[in-house]
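For reference, Swiss-Prot has these:
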BINDING   D21, D23, D25, C27, E32  Ca(2+) 1 binding site
BINDING   D57, D59, N61, T63, E68  Ca(2+) 2 binding site
BINDING   D94, D96, N98, E105  Ca(2+) 3 binding site
BINDING   D130, D132, D134, Q136, E141  Ca(2+) 4 binding site
DOMAIN    8-43  domain 'EF-hand 1'
DOMAIN    44-79  domain 'EF-hand 2'
DOMAIN    81-116  domain 'EF-hand 3'
DOMAIN    117-149  domain 'EF-hand 4'
Amino acid sequence: MANQLTEEQIAEFKEAFSLFDKDGDGCITTQELGTVMRSLGQNPTEAELQDMVNEIDKDGNGTVDFPEFLTMMSRKMKDTDSEEEIREAFRVFDKDGNGFVSAAELRHVMTRLGEKLSDEEVDEMIQAADTDGDGQVNYEEFVHMLVSK
């Protein structure tokens, strides 16, 4: 299943995996998953985190390695994101709830994820998604950015 991904997709997933894998040991633990989810404003219980890891953890060692992560991500790409999941993701970025993601909000979320971006990189990300040129990303532009990836 993972072999249907492009090299670019695999590279993006590797980058995402490394955001979760805080200690760089090649495995995501429930603690690391919890840290990332809390940085995104979620508050999962220990049991919920364990369920998430167990769902992906094919070899039963209690952690998620990159091949397991890749399998999960390729499966998730097949089940196109539900409207509610996309709305929820948009709300994570739209901190002030005004219906737009500004450069400052994007930088804030990416920093909380451990991604230090320069102003230029943040501006490039906004420009790539900002089809009407108003300097911020509205919900429609956000959806378009997700589905055109």
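Quick reminder: no glycine exception, Cβ is built from N, Cα and C everywhere.
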If you average pLDDT over the domain 'EF-hand 2' (44-79), what do you get?
84
Quick one: which residues besides D21, D23, D25, C27, E32 have a Cβ within 8 Å of the Ca(2+) 1 site's Cβ centroid, in sequence order?
F20, K22, G24, G26, I28, T29, T63
Rounded Cα separation (Å) that holds between D57 (Ca(2+) 2 binding site) and D130 (Ca(2+) 4 binding site):
37
Other parts of the chain folded back onto the domain 'EF-hand 4' (117-149), taken as Cβ under 8 Å at six or more residues beyond its ends:
80-81, 86-87, 89-90, 93, 99-103, 106-107, 110-111
DSSP-derived class (H/G/I helix, E/B strand, else coil) of C27 (Ca(2+) 1 binding site):
strand
Residues near the Ca(2+) 2 site, D57, D59, N61, T63, E68 excluded, by Cβ within 8 Å of the Cβ center?
C27, V53, I56, K58, G60, G62, V64, D65
Please report the number of other Cβ atoms within 10 Å of the Cβ of D94 (Ca(2+) 3 binding site).
22
Out of D23, E32, D59, D96, which of these binding-site residues is nearest D132 (Ca(2+) 4 binding site) by C-alpha distance?
D96
